[in-house]
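> Submitted below is the structure of interest, expressed as structure tokens.
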Amino acid sequence: MTIAEHDNVFIFVPNLIGYARIVLALIAFWFMSTNYVISGWCYVTSALLDAVDGQAARAFNQSTRFGAMLDQLTDRCGTTGLLVTLAYFYPRYMFWFQLSIAIDVACHWLFMQTSVVVGRSSHKVNDNFIMRLYYQKDILTFMCCVNELFYVCLYLLHFTYGPLIFGASLFKILAFLTGPFAVLKALISVMHAYVAGIDLAAVDVRERQERRQKSEPVSGKKVE
């Protein structure tokens, strides 16, 4: 199948930005245990480009399912890579980092998959009040930023305390301030799974009813 240039989603501007995010994340992974400056800048830039590709998609009218999936996968893989490193740096808290990975990956995957199954135009479109509130642009951007900032601060604290404010480490202060929001985001991720489970169960019920109706004999006809 030949794809016209204006329909080739693989070279859409937001998806090209998505590829750049992947490259930056890979560079960050490579240096994550040895060079926090290179790794930190690459990771943060990759995360910040998450907002840029969304703006590009709207500006160029290039919103695609492929782009949405690429964006989700890059987010999940990027955060997972950082959390794996944090589990290595802070083995005492390994369970919590493992739990964070499990919640983040499983809940978002289920939510995305359910959105596809029920035929939604976007995973951000949902009837649930909490989901609608969470996916408002300003709230979503804030929650994602403070969540990433929390983990980045923990990462940087392994190497340096950073600038001091009244004798206290800036990175440590930011970690304490953003930590509660990271916990809140994890709870919202669990809510994603709950809402997706309800929607998916509704699909199962509807399909089972349709199969029963097809298997039942038509009223008034003789069954042989």
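Glycine residues also receive a Cβ, built from the backbone N, Cα and C atoms like all the rest.
According to Swiss-Prot, the protein carries these features:
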| type | residues | note |
| --- | --- | --- |
| TOPO_DOM | 1-8 | topological domain 'Cytoplasmic' |
| TRANSMEM | 9-29 | transmembrane segment |
| TOPO_DOM | 30-35 | topological domain 'Lumenal' |
| TRANSMEM | 36-52 | transmembrane segment |
| BINDING | ASP50, ASP53, ASP71 | Mg(2+) 1 binding site |
| BINDING | ASP50, ASP71, ASP75 | Mg(2+) 2 binding site |
| TOPO_DOM | 53-76 | topological domain 'Cytoplasmic' |
| BINDING | GLY54, ARG58, THR64 | CDP-1,2-diacyl-sn-glycerol binding site |
| ACT_SITE | ASP75 | active site, proton acceptor |
| TRANSMEM | 77-97 | transmembrane segment |
| TRANSMEM | 99-119 | transmembrane segment |
| TOPO_DOM | 120-138 | topological domain 'Cytoplasmic' |
| TRANSMEM | 139-159 | transmembrane segment |
| TOPO_DOM | 160-163 | topological domain 'Lumenal' |
| TRANSMEM | 164-184 | transmembrane segment |
| TOPO_DOM | 185-224 | topological domain 'Cytoplasmic' |
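Situate these features within the shown structure.
Within the chain carrying the transmembrane segment (9-29), a Cβ under 8 angstroms from the stretch's Cβ atoms is held by residues 38-40, 42-43, 45-46, 49-50, 52-54, 56-57, 60, 62-64, 66-67, 70-71, 74, 77-78, 81-82, all 6 or more beyond its ends.
Long-range contacts of the topological domain 'Lumenal' (30-35) within the same chain, counting only residues at least 6 positions beyond its ends with a Cβ under 8 Å from a Cβ of the stretch, are 42-43, 81-82, 85, 88, 155.
Outside the transmembrane segment (36-52), and at least 6 residues removed from its termini, the chain residues within Cβ reach (under 8 Å) are 17, 20-22, 24-25, 27-30, 71, 74-75, 78, 82, 141, 144, 148, 152, 155-156, 158-160.
Look at ASP71 (Mg(2+) 1 binding site): DSSP puts it in a helix. Cβ neighbour count for ASP71 (Mg(2+) 1 binding site) (all protein chains, 10 Å cutoff from its Cβ): 20.
Using a 10 Å radius centred on the Cβ of ASP75 (Mg(2+) 2 binding site) and all shown protein chains, the other Cβ atoms total 19.
Remote same-chain partners of the topological domain 'Cytoplasmic' (53-76), defined as residues 6 or more beyond its termini with a Cβ less than 8 Å from a stretch Cβ, comprise 9-10, 12-15, 17-18, 21-22, 25, 46, 104-105, 108-109, 112, 116, 122-123.
In this view, GLY54 (CDP-1,2-diacyl-sn-glycerol binding site) is surrounded by 19 other Cβ atoms within 10 Å of its Cβ, with every protein chain counted. According to its DSSP assignment, GLY54 (CDP-1,2-diacyl-sn-glycerol binding site) is helical.
Long-range contacts of the transmembrane segment (99-119) within the same chain: residues 65, 69, 72, 75-76, 79-80, 83-84, 125, 186, 189-190, 192-193, 195-197, 199-200, 203, each at least 6 residues beyond the stretch ends and with a Cβ under 8 Å from a Cβ of the stretch.
With a threshold of 8 Å between CB atoms, the same-chain residues lying at least 6 positions outside the transmembrane segment (139-159) that come near it are 32, 36, 40, 43-44, 47, 50-51, 79, 82-83, 85-86, 89-90, 133, 169, 171-172, 174-175, 178-179, 181-182, 184-185, 188.
Through the fold, the topological domain 'Lumenal' (160-163) approaches residues 36, 169-172 of its own chain, all at least 6 residues removed from its boundaries and within a Cβ separation under 8 Å.
On the 0 to 100 pLDDT scale, the topological domain 'Cytoplasmic' (185-224) averages 83 in this prediction.
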> Which has the fewest other CB atoms in a 10 Å radius around its CB: ASP50, ASP53, the listed binding-site residues?
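If we count Cβ atoms within 10 Å for the binding-site residues ASP50, ASP53, the smallest count is at ASP50.
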> Which whole-number value in Å describes the distance between the Cα atoms of THR64 (CDP-1,2-diacyl-sn-glycerol binding site) and ASP71 (Mg(2+) 1 binding site)?
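Distance (Cα to Cα, whole Å): 11 Å.
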> So how many other Cβ atoms are close to ARG58 (CDP-1,2-diacyl-sn-glycerol binding site), meaning within 10 Å of its Cβ?
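That number is 11.
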